[in-house]
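Asker: The annotation domain 'Phosphotyrosine protein phosphatase I' is assigned in TrEMBL to 1-136. Taken from TrEMBL, the feature active site, nucleophile applies to CYS7, ARG13. Here TrEMBL flags ASP109 as active site, proton donor.
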Amino acid sequence: MNVLFVCTGNTCRSPMAEKILAKKRPELNVQSAGTHALQGQPLAMSAKQLLREHGLNETHYAQLVSEELLDWADEVYTMTAQQAEELRYRYPLVKKNIQSLRPSKAIADPYGQSMEAYRACFAELQEAISERFVEKE
């Protein structure tokens, strides 16, 4: 199964989600992208530090979401309901179930904030991914 996580810049939330899921479910193919990503931009330093602390692969360069990536994915998860709506609007021909990773609550963007904001985001991602991908087995 191919899973795509999408956030805004693809330097914090979606790459952390990608790395968390890839570690928890290595049989899955996981990628991430951003709705407004600058192609090739590296991970935010705080995100990189958190991945390192948790023993996760910290190699990542941002990529912009595309119709090709959406077609590749079997499941697409965004960090907010608004991002899911944006993808459905921008790519009306993509017939995928594009949904928010946590439908009842957006996963806050820690970009430009304190390390504590990144830690809170990372914990929220771990919980949401466990609920959606690990506990269903």
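Cβ from N, Cα, C; glycine included.
Unlike curated records, TrEMBL annotations are generated automatically.
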Asker: What are the sequence-distant neighbours of CYS7 (active site, nucleophile), meaning same chain, six or more residues apart, C-beta distance under 8 angstroms?
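Answerer: When sequence neighbours closer than 6 are ignored, CYS7 (active site, nucleophile) has ARG13, SER14, ALA17, SER32, GLY34, THR35, THR78, MET79, GLN83, ASP109 within Cβ distance under 8 Å.
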Asker: Which of the three DSSP states, helix, strand or coil, fits the residue listed as 'active site, proton donor'?
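Answerer: The three-state answer is coil.
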Asker: Go through ARG13, ASP109, the listed active-site residues, and name the one with the sparsest Cβ surroundings, counting other Cβ atoms within 10 Å.
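Answerer: ASP109, out of the active-site residues ARG13, ASP109, has the fewest neighbouring Cβ atoms within 10 Å.
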Asker: Please list, for the domain 'Phosphotyrosine protein phosphatase I' (1-136), how many residues fall into helix, strand and coil according to DSSP.
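Answerer: Split into helix, strand and coil, the domain 'Phosphotyrosine protein phosphatase I' (1-136) gives 57 helix, 22 strand, 57 coil.
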Asker: As a test of reading the model: what is the averaged pLDDT for the domain 'Phosphotyrosine protein phosphatase I' (1-136)?
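Answerer: Summing pLDDT over the domain 'Phosphotyrosine protein phosphatase I' (1-136) and dividing by its length gives 95.
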